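Trainee: The structure that follows is given in the form of structure tokens.
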Amino acid sequence: MDTTTSLKMTSLAIQSLFSYVEEENLAAIKAHLDKFKDVDSRSDNGQTPLMVAAEQGNLEIAQELLRRGANVNLDDVDCWTALISAAKEGHIEVVRELLENNANLEHRDMGGWTALMWGAYKGHTDVVRLLMDKGANPNITGQYSVYPIIWAAGRGHAEIVHLLLQHGAKVNCSDKYGTTPLIWASRKGHYDSVMHLLANGADVDQEGANSMTALIVAVKGGYTEVVKELLKSNPNVNMTDKDGNTALAIAAKDGHTEIVQDLLDAGTYVNILDRSGETMLIGAVRGGHVEIVRALLNKYADIDVRGQDGKTALYWAVEKGNATMVRDILQCNPDTESCTKEGETPLIKATKMRNIEIVELLLDKGAKVSAVEKKGDTPLHIAIRGRSRKLAELLLRNPKDGRLLYRPNKAGETPYNIDCTHQKSILTQIFGAKHLSPSESDGDMLGYDLYSSALADILSEPTMQPPICVGLYAQWGSGKSFLLKKLEDEMKTFAGQQIEPLFQFSWLVVFLTLLLCGSLAVVLGFTVDPKLAIAVSLSLLALLYIFFVLVYFGSRRERESWHWAWVISTRLARQVGYMELLLKLMFVNPPELPEQTTRALPVRFLFTGL
């Protein structure tokens, strides 16, 4: 028989043996081994018949192979032994037989896992108990430094956790990322595992991956009972994760009402900001969790903190259209005029959303109808542009706000002009049907305020043409002079509604700065030194333009933090405007009025006493 034929026969014999083992044909296995004596022959992936039998849990075949001298500690290409295969599958009798034949307890597979690690991972309690009794190391680590107790805790195998702790497993061990068994158990809400760990002194404040504690991950999962047990161990309830979120912030955001109450009872701070600058109150409002919002408000949560994009809790409640939350927050007297980066107040947002109920709530709390957003629009601009009669009527319920009908936005449009461009006028419907009486008006307004506001609105109406004659009839000493003074103040207020122009770069500005610096250079050149004169004039020119750039961009940012730039910008714009007008008059080139249908022209009143 040649060598090739012999190899083929050997290969066929090995295949036959493995087939018999897989088919669990003990008689065929015995007959084969009597003939070929190849008990430790290997398959293509390095497995021996004993490994296959152990994996299948066939005790009789495993015993037969061991009696015929099978090597119990051989491993395959993945470093798996018969013991590891049997432990993984939970075949307790096969594991016992292998251990009695001196199987290596601490042998590791390619991933660094021992038989104990696989038993703990799979939840085979009897296998783990047997391995521990035989002296397996409970603190051995596998890939990423994961301990057997970490796998058992994370997968909810509470009895195995208890066994490992009894045999000396480290209760506060951690994986590569610092995550402990308690964090793993809390993360999945495994109550019994958590109880075993806490009873053995687990550290409740140890941080794991992403700076998360056991309390934070339990709250994140909404595991109320686990949270209650953790709180009994007096953890630091104000610890934060990598995003700056406390357990309370997460519970408030996710809507876990009972957990929120438990955390509040434990003394959690309610005004800790996360890394984005938002409070837990804002998180609860954004999630629409009314009961949680009330609980936080009862603990004096700060209602005026501006989070992302400058939005407060009140603004978020308005944006969500939740009138109940708006009402609850308004009871705590928030700042109703706090605006976002876009310049929107809660009233402006509610008007844009056409939410009449919320608009009325805000107005009842004193929200200003005169508030303007980035484009200079008031709520009246928005309501009339949206053709909402109910909103417009609600916004105009205070007669003193009637003057806002003639207040222009940055495009020069007034609510009155916008209404005039439509065939069906909203304002005509409102004022044609509206009957003012002391009982319908604001109870805090005096009669003089009503009369003066009404007269001011009439006299300021854009379609009126002078001369206008107004007669006041009253008996001597009834206060006509006081009423006239009030009327004058109202009309001045109306005239002052025009939005102040801001500084703009123009050829006139360039010309004036060059003229100033050039004149200075000429004077210094003749009196001191030409080089010094040029240096001083160029430096002055550079400083002026740096100053102009700061004023230009600063005046277009938030007025609260750049108020100085806004003041200077308006004054510069006014002076440049006067200079431009003067030059046009000097050169007989009067300014032309722009042809715009919705743009309102500035109004000024002159008063004199007789």
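Including glycine, each Cβ sits where the backbone N, Cα and C put it.
Got these off TrEMBL a minute ago, pasting:
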- 45-77: repeat 'ANK' (REPEAT)
- 78-110: repeat 'ANK' (REPEAT)
- 111-143: repeat 'ANK' (REPEAT)
- 144-176: repeat 'ANK' (REPEAT)
- 177-209: repeat 'ANK' (REPEAT)
- 210-242: repeat 'ANK' (REPEAT)
- 243-275: repeat 'ANK' (REPEAT)
- 276-308: repeat 'ANK' (REPEAT)
- 309-341: repeat 'ANK' (REPEAT)
- 342-374: repeat 'ANK' (REPEAT)
- 375-398: repeat 'ANK' (REPEAT)
- 448-494: domain 'KAP NTPase' (DOMAIN)
- 505-526: transmembrane segment (TRANSMEM)
- 532-553: transmembrane segment (TRANSMEM)
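Are these features on the surface or tucked inside, and what are their neighbours?
Mentor: Using DSSP to sort the residues of the repeat 'ANK' (45-77) gives these counts of helix, strand and coil: 17 helix, 0 strand, 16 coil.
Mapped onto DSSP helix, strand and coil, the repeat 'ANK' (78-110) counts 17 helix, 0 strand, 16 coil.
Long-range neighbours of the repeat 'ANK' (111-143) within the same chain, counting only residues 6 or more positions beyond its ends whose Cβ lies under 8 Å from a Cβ of the stretch, are 81, 83-84, 86-90, 92, 95-96, 99, 105, 149, 151-152, 155-157, 159-160, 163-164, 167-170, 173.
Beyond the ends of the repeat 'ANK' (144-176), by six or more residues, the same chain brings 116-117, 119-121, 123, 125, 128-129, 132, 138, 182, 184-185, 187-188, 190, 192-193, 195-197, 200-203, 206, 208 to within a C-beta distance below 8 angstroms of the stretch.
For the repeat 'ANK' (177-209), the model's pLDDT averages out at 96.
If one looks beyond the repeat 'ANK' (210-242) by at least 6 residues along the same chain, the residues whose Cβ comes under 8 Å of a Cβ in the stretch are 179-180, 182-183, 185-191, 194-195, 198, 202, 204, 248, 250-251, 254, 256, 258-259, 262-263, 266-269, 272, 274.
Residue counts for the repeat 'ANK' (243-275) under DSSP, split into helix (H, G, I), strand (E, B) and coil, are 17 helix, 0 strand, 16 coil.
If one looks beyond the repeat 'ANK' (276-308) by at least 6 residues along the same chain, the residues whose Cβ comes under 8 Å of a Cβ in the stretch are 243-244, 246, 248-249, 251-255, 257, 260-261, 264, 270, 314, 316-317, 320, 322, 324-325, 328-329, 331-332, 334-335, 338, 340.
In the repeat 'ANK' (309-341), helix, strand and coil residues by DSSP number 17 helix, 0 strand, 16 coil.
Tertiary neighbourhood of the repeat 'ANK' (342-374): same-chain residues 309, 312, 314-315, 318-319, 321, 323, 326-327, 330, 333, 336, 380, 382-383, 386, 388, 390-391, 394-395, 397-398, 401, 404, 407, 409, 499, selected by CB-CB distance under 8 Å and a gap of 6+ residues from either end.
Distant neighbours of the repeat 'ANK' (375-398): 347-348, 351-352, 354, 356, 359-360, 363, 369, 404-405, 407-411, 413-415, 418-419, 422, 426-427, 429-430, 434, 441-442, 445, 499; these residues of the same chain sit at least 6 beyond its ends, with a Cβ under 8 Å from one of its Cβ atoms.
Residues 532-534, 536-538, 540-541, 544-545, 548, 552, 576, 579-580, 583 of the same chain sit 6 or more residues outside the transmembrane segment (505-526) yet have a Cβ under 8 Å from a Cβ within it.
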Trainee: Six or more residues beyond either end and a Cβ under 8 Å away: which residues meet both conditions relative to the repeat 'ANK' (243-275)?
Mentor: 213, 215-216, 219-220, 222, 224, 227-228, 231, 237, 281, 283-284, 286-289, 291-292, 295-296, 299-302, 305
Trainee: Using a Cβ cut-off of under 8 Å, list the residues of the same chain at least 6 residues beyond the repeat 'ANK' (78-110) that approach it.
Mentor: 45-48, 50-51, 53-55, 57-59, 62-63, 66, 72, 116, 118-119, 122, 124, 126-127, 130-131, 134-137, 140, 142
Trainee: What is the number of residues in the repeat 'ANK' (111-143) that are helix, strand and coil, as DSSP sees it?
Mentor: 18 helix, 0 strand, 15 coil
